[in-house]
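Trainee: These came from Swiss-Prot, pasted as-is:
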type	residues	note
BINDING	44, 47, 51, 79	[4Fe-4S] cluster binding site
BINDING	81, 148, 173, 177, 210-217, 241-245, 260-262, 370, 374, 480, 506-507, 529, 556, 716-725, 800, 817	Mo-bis(molybdopterin guanine dinucleotide) binding site
BINDING	792	substrate binding site
DOMAIN	37-93	domain '4Fe-4S Mo/W bis-MGD-type'
SIGNAL	1-33	signal peptide
């Protein structure tokens, strides 16, 4: 029997599915069994790598999955989470009907959850929305969205809120993970997202990881780095972190530094480049300009907090014109001696790192994730790494550049590109720019002035506004913020449970968030709907619906579009707007936003033969194509070009900008980027002068440090087996068994000093709350003395009852990596 590589992989998947079900299939029957399974492509539901998978369905269920051998990203590989994708949808507690807190048949905030119809749920929601609008205006209602939503779900949320409700109170959970990176991209280059791609891995001479445990968080990319390192003895890997983790196993240089001092380390590197004449002056003079950042900018806490007094919080994001000489003066104090004392790194470690960046013959890729972004100076550290690459000219060329890795499957595609933030519109447009608002109103066919110029509330501000009674309704979709967000006990939970407030959670499972809400809406997930994600390398990937959702569960897209029918323009818009377009009087928001002659212009006949598509069948037109083509109009011709819709179903994803059917691997470089003209060489065309910004900023301390009472640093993060709050992975028996509960990792000598031993039940406390857990002094994570590490996947151990809601004042992203705690034996 002759089998192609693809058929062989599918046969393996069929065998794996049978094994998981406890069955045995004779070898001769494997291919026959595979022939009974229907296969189609999809994208992994987990991290931002964007691995492509083959999904096998039979009898209306997903029964197998396999890494797609034809995919450029993962080349047939999956990580351990990816291999168990079929099981994420079939947890025993899957939600199948709307649930509302009720007593005697009526809504009661303190009542028990009871099943209701979708119409009853939406009528209740609409009543609460309208009450809130009447009480506190357009900003009384908020949406907390997700980098896990599909592109069209994110676009529909944005459109319903910003055009329909005329409120910019939309924020994604990417606020917790990618906001600092996005803001730094915009400030440095005038455009968001990385200039390079994963192809850099096979061409780089050195990799430097800053606050990134790629071995566990991006294991498929790590496998490619490992292959590059092992295949070429001259390639080097450097890992910087505040504790030792599995990525250190491959590292040639493992550097453990004191929290927050990455700011000082990078300023030392810049100082080294200057002192050793390692500046690429030709590049710097042609392609960069110098700015100085505002300092003493605070920590994003409530205004009355002592740390916010006498700060420049109001002008935190301001950048002042500057010069190379001013940068040179600022970094001159960051000597190797001073930074060694600050960071805990020895002089040789620091100099070796600086020499790597200084060597003009070495191609260097810098990777980072949450260690940089979840930081009270996250925008600064992002911009400092850009400084290093810009000063050396090591940017926008194969094998060389700074690369921000994303943690969610569409943090780029849905949160950032779609503009699902309270200050953004699609394709890097912003609500504060009149021309950008006019563009949105033109594309959306709206009266002038519909889109508000007022920036909405970010998620931490939403928490505080709910707690203060200034925002009264919150709809949370596709995330679990009651478990994942900071300072649960003091801000979020009191606001959600406050009398007069109403919280809706759309989710497939009864998460901590869902059980804290007033209304739970059961949601279709992954291949139960047609989808699109945008990964970390600007690659947009599509998949088709392959099975139906259970019971009455509906996709978030259906929920948004159907809910729009419960509001009219007369209720939501001003007389001035209706006078401009009287044809919209009395129309529902659904009719104006979604059945507008653009979104609804593609008939059902354009669906592939036999293709499932519940939303399109319900609404009577190819919803996803209409939404995508309208959305794509924002970016085409402006450096954010997306390909025509149909191309994506044929390809394994395309990296934008896609011009004349050709994707772009390296942006801003002549010969690779169609927006760089002949003879320009490099053009950072996000700015009119096509120059990137080199920003001078100093070290500033964290919001909270250990003291006599709370004597340890706490850093939070993840482990390989689980993803975020474990909503999906803890319902996969194999993953749950592999890592059933959260732990707290501590240095053995710190444990000994407290009379603790490995395996002890402990209580970890901060100024905000406490958590009971178990101690690990021998495991995969090895903190230095003075620091403990824990995860947040375990709903039975709410690690974010400990964390501080301090944020970067520019990006508003929370610092989950640094707060002060104490650890003692539990009673």
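In case you wondered, yes, glycine gets a Cβ from its N, Cα and C as well.
The structure displayed is predicted, hence computed values, not measured ones.
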Trainee: Enumerate the residues of the same chain, 44, 47, 51, 79 excluded, that satisfy the criterion Cβ within 8 A of the mean position of the Cβ atoms of the recorded [4Fe-4S] cluster site; list them in sequence order.
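Mentor: Apart from the listed residues, the neighbours are 46, 49, 50, 74, 78, 81, 82, 219, 220.
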Trainee: Based on Cα coordinates, which of the following binding-site residues are within 10 Å of residue 44 ([4Fe-4S] cluster binding site): 81, 211, 370, 724?
Mentor: 81
Trainee: Give me the CA-CA distance between residue 216 (Mo-bis(molybdopterin guanine dinucleotide) binding site) and residue 79 ([4Fe-4S] cluster binding site), in Å, as a whole number.
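Mentor: Roughly 9 Å, rounded to the nearest whole number.
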Trainee: How big is the Cα-to-Cα gap, in Å, between residue 724 (Mo-bis(molybdopterin guanine dinucleotide) binding site) and the residue listed as 'substrate binding site'?
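Mentor: Residue 724 (Mo-bis(molybdopterin guanine dinucleotide) binding site) and the residue listed as 'substrate binding site' have their Cα atoms 7 Å apart.
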Trainee: Would you count the other C-beta atoms found within 10 angstroms of the C-beta of residue 211 (Mo-bis(molybdopterin guanine dinucleotide) binding site) for me?
Mentor: 24
Trainee: Within its own chain, what residues at least 6 apart in sequence put their Cβ under 8 Å from the Cβ of residue 79 ([4Fe-4S] cluster binding site), listed in sequence order?
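Mentor: Residues satisfying the criterion: 46, 51, 219, 220, 720.
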Trainee: How does the model score the domain '4Fe-4S Mo/W bis-MGD-type' (37-93) in terms of mean pLDDT?
Mentor: 97
Trainee: Secondary structure at residue 724 (Mo-bis(molybdopterin guanine dinucleotide) binding site) (DSSP, helix/strand/coil)?
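Mentor: In three-state terms, residue 724 (Mo-bis(molybdopterin guanine dinucleotide) binding site) counts as coil.
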Trainee: Report, as a single number, how many Cβ atoms besides its own are within 10 Å of the Cβ of residue 719 (Mo-bis(molybdopterin guanine dinucleotide) binding site).
Mentor: 21
Trainee: Roughly how many Å lie between the Cα atoms of residue 81 (Mo-bis(molybdopterin guanine dinucleotide) binding site) and residue 47 ([4Fe-4S] cluster binding site), rounded to a whole value?
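Mentor: One finds 10 Å between the Cα atoms of these residues.
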Trainee: What's the CA-CA gap between residue 719 (Mo-bis(molybdopterin guanine dinucleotide) binding site) and residue 47 ([4Fe-4S] cluster binding site) in angstrom, rounded?
Mentor: 12
